[in-house]
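As structure tokens, the structure follows; a few thoughts come after it.
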Amino acid sequence: MSDAALHIAARPPLGGLRLLTGLASLLAVASALWLFQGLADGNRGFILHLRALKLGTMLVVACGIGVSTVLFQTVAANRVLTPSIMGFDSLYVLLQTSLIASFGIAGFAAVPVVAKFLAEVAVMCALAILLFGSLLGRGSRDIGRTILTGVILGVMFRSASGLMIRLIDPNEFAVVQASTVVSFTRANEALLPVGALLCGIGVAAALWLAPRLDVLALGRDSAVSLGLRHAPMVAATLGLVALLISVSTALVGPLAVFGPAAFFGLIVTGMTHGLVRSHRHALLLPASALIAANILVFGQMLFERVLHQQTALSVVIEFAGGLFFLYLLLKGRVR
Amino acid sequence: MIRLSGVSHQIGGASILNDITADLPRGRLTALIGPNGAGKSTLLRLIGRLEPLQTGSIHIDDLDLARTPSAEIARRMAVLGQQTVIASRLRLSDLVAFGRWPHHQGRPRPQDRAITADALEAFGLTPLAHRFLDEVSGGQAQRAYLAMTFAQDTDWLLLDEPLNNLDMSHARSLMARLSQLVRASGKSVVVVLHEVNYAAAWADHIVALKDGRILAEGAPQDVLTENGLGALYDTPVMVTQHDGRPLVLHHF
Ligand SMILES: Nc1ncnc2c1ncn2[C@@H]1O[C@H](COP(=O)(O)OP(=O)(O)OP(=O)(O)O)[C@@H](O)[C@H]1O
Ligand SMILES: [Mg+2]
């Protein structure tokens, strides 16, 4: 065998590490700026506390969206789909609405926040594995049908929650709104530590599965012939996606300033694959989390502190993401 | 030996395979032939556990396919399907390296890298190793998939129409390589072939499938006859001899 061939087969991991270090340093700068920029003398402690809370929420949400989108695209063997396009977050909203509809406001308020949250996450994981496992597990040959099914599911979940909201009385409707449309500024102090912990567990599990995810991304046939237990792996990955999406959605709400926007994940994974240029999840997963966090923190800083436009960021992200989605579809890079 | 007993398969009520019972010999090159839609790919996918087995049983040497963990089978048998489509953006070297995955489960050792490099070299892919899979020709991609299957270095090799997209030089060198694996390294190969002359020239054993049943099996001389092939493909053919092996004239 030639030395050249041996050299080619041994892949240098250095480029990836350098990229991750760069992204992490950039994020550190962004976080410091976010926390300390223009800190007035009065009320320092209070403002710092608020900013830290918001920063923490942004980091958890970014991590959740970045990692869950990479995971989802690996299961779907597709670069155009995201969990939001496939209706994961609308499923979560539907779940919350039906909880309120069945237990009523009193029952809903009586359940401790954290316990309720954990129960929701558990139900969400089970539902996601059931619904999407059968759709994606058999190595979905027909991508067009998968996209269509996902979009239809998303619309169905949304209209089902809409219908339920109309059926329950207006007071309860206000509760639904409050519990699903939470913005960063009202980040729930009780949920953030639990959310961060669950997100951390999810990301750690994903990193642990990284070598197997590399094989899963080859598609069902290749994965099975290499000896991967395909069905359990699909279920585990979808479970992690559901966990991460539930955490992000619970923390910021699906309609919040930059909640799990349908196209945000798409921008993140598009940039991730462009920058990492490797198929290895050990690099892709952390890179996607860091890229998402950088976009959120820098973007939020720009719009909130420089342009004084609280809501514009999500609009810009959705618009840019929508264009990118069209570009991917038109270029035929749907696989 | 791969032992198929009473293997039947149905898709949506249609019967694809009917009670297939056969032994595929160990240490031999076995060719599966038959017309389009005969069930060759389905049978190969069942043996390669890419489809769940519905009826009957399949044994690979001492292993019962239904009872053996998939990871263990992957160290015993490599499968290359007819239409492999890989979504991730992979370099050829990365793709071929995946062939070693059953042996290292994600932690490649130096010998895995060496075997990957050998496989790239053997299929003439070293100059292309850095290219992405979607940036090479169909035949080059096919050779990369083959190199991955070879890198898996298993006792059994199952290939569905591996000559797809290959020019005559690469087709011949692949058949020669398979034959050499069988003779020199004691491996066993099962390969679906459309061009019966490759089966005539290289196979030790031939299984002819039609409409989900075995129409004939045996040595090339016994299966590749004018009557046998005429009945198999429903078309008249002439068979002569060349170098002591059948030569099928079917292309005019
Ligand atoms: N998903 C499916 N649904 C319905 N019928 C199918 C499906 N897949 C295969 N078949 C049918 O099963 C039969 C056997 O298919 P198979 O792919 O095994 O044939 P083959 O011998 O490999 O053919 P070819 O030479 O064209 O590759 C065919 O009649 C085919 O139409
Ligand atoms: Mg076939």
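Cβ coordinates come from backbone N, Cα and C, glycine included.
Since we're looking at a predicted model, the values are computed, not measured.
What TrEMBL annotates here:
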type	residues	note
TRANSMEM	A:16-36	transmembrane segment
TRANSMEM	A:56-78	transmembrane segment
TRANSMEM	A:90-111	transmembrane segment
TRANSMEM	A:117-136	transmembrane segment
TRANSMEM	A:148-168	transmembrane segment
TRANSMEM	A:190-210	transmembrane segment
TRANSMEM	A:231-251	transmembrane segment
TRANSMEM	A:257-276	transmembrane segment
TRANSMEM	A:283-303	transmembrane segment
TRANSMEM	A:309-330	transmembrane segment
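Highlighted: of the candidate stretches A:16-36, A:117-136, A:148-168, A:190-210, A:117-136 has the greatest count of Cβ pairs under 8 Å to the transmembrane segment (A:231-251). A Cβ distance under 8 Å defines the sequence-distant neighbours of the transmembrane segment (A:283-303), meaning residues of its chain 6+ beyond its ends; these are 16, 19-20, 23-24, 26-27, 30-31, 33-34, 37, 55, 58-59, 61-63, 65-67, 69-71, 184, 203, 206-207, 210, 257-258, 264-265, 267-269, 271-273, 275-276, 309-310, 312-313, 316-317. Most Cβ pairs within less than 8 Å of the transmembrane segment (A:56-78), among stretches A:16-36, A:117-136, A:148-168, A:190-210, belong to A:190-210.
Stretch with the most C-beta contacts under 8 angstroms to the transmembrane segment (A:190-210), considering only A:16-36, A:117-136, A:148-168: A:117-136. Within the same chain, residues 48, 51-52, 55, 59, 275-276, 278, 280, 283, 286-287, 290-291, 293-294, 297-298, 300-301 sit at least 6 positions outside the transmembrane segment (A:16-36) and bring their C-beta atoms closer than 8 Å to a C-beta of that stretch.
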